[in-house]
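Working notes for the structure below.
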Amino acid sequence: MKVYYDKDADLSLIKGKKVTIVGYGSQGHAHAQNLNDSGVKVTVAVRKGGASWDKAKAAGLKVEEIAKAVKTADLVMILLPDENIPQVYKEEVEPNIKKGATLAFAHGFNVHYNQVVPREDLDVIMVAPKGPGHTVRSEYLRGGGVPSLIAVYQDKSGKAKDIALSYAAANGGTKGGVIETNFKEETETDLFGEQAVLCGGAVELVKMGFETLTEAGYAPEMAYFECLHELKLIVDLMYEGGIANMNYSISNNAEYGEYVTGPEVINAQSREAMRNALKRIQTGEYAKMFIQEGKTNYPSMTARRRLNAEHPIEQVGGQLRDMMPWIKAKALVDKSKN
């Protein structure tokens, strides 16, 4: 698999274009500020009078309403929540985007599942940093970059891949390395990772571990430290050098326990559940579920958010984190700024 770096990208391509970033959330604020700092002519497109409008203005960026900003753009990057993109594309982007312009996304969901059907005269690309927007921005400011994916869905100009690489470079991606994929692969693997491992799997594993200890009479504080707080220490070791690096760094007792108990907890039944999750993603069943959830104003998700917020692990966690001010000092998320 080829990895692209700074030397493989022509930054002048994106610097010669007017770029409109639709949205100023987690990814939007990072892309807009990074491209602006790289010398790209950037306009942020958001609803006038909203919090995002004020935040983008405060960051020194040019801000316009969506339809107006799209009309003058050579490249339009849509960085809105997946559920909001189809309507915004249909009502404000498609009628206004110039013929022969480039339409860009950071996730393939809507194109892959036909919620957005791009006009045939457009280049359609994806530039997807493999990290949250706050990290995309902080790594750029540090002089580095978050590894990114690029993909081409439509190549009307014959230069879509070069444009994607140039955009990725301006966003810092070619500092970390850029890998080419396609919309199908990015969408399906991204959803699977989120659902089975990173969010769904990890959250349920942590909560179940916490509940098992507290139900057996152990102090909630001890359960929090052992099942949530220390997870970062282990994940950082794996992130740094893989599973073998983590095992090299932990005690023999911890490593032996991993081999004895790990396969009992995450077992053949877990593998079958993962395969079922992947099948839902591949067939489009999950996409239909998510789209329908949005159409009914997210009743299931709202209920689950409330239950999670009320879980004892949240209560004890807040108290313990207050004892560790260095965590807040290094926080990735500042809700007042992004």
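Placed from the backbone N, Cα and C atoms, the Cβ positions cover glycine too.
From the candidate list GLY133, GLY143, GLY144, the residue Swiss-Prot records in the NADP(+) site shared with TYR24, GLY25, SER26, GLN27, ARG47, SER52 is GLY133.
The two recorded residues SER52 (NADP(+) binding site) and HIS107 (active site) have their Cα atoms spaced 21 Å from each other. In the domain 'KARI C-terminal knotted' (182-327), the DSSP tally of helix, strand and coil residues is 128 helix, 0 strand, 18 coil. Classification of GLN27 (NADP(+) binding site) by DSSP places it within a helix. DSSP assigns ARG47 (NADP(+) binding site) to coil in the three-state reduction, placing it in neither a helix nor a strand. Mapped onto three states, the DSSP output places HIS107 (active site) in coil. The distance from the Cα of GLU194 (Mg(2+) 1 binding site) to the Cα of HIS107 (active site) comes to 13 Å.
For HIS107 (active site), the nearest of the binding-site residues by C-alpha distance turns out to be ASP190; the candidates were SER26, ARG47, ASP190.
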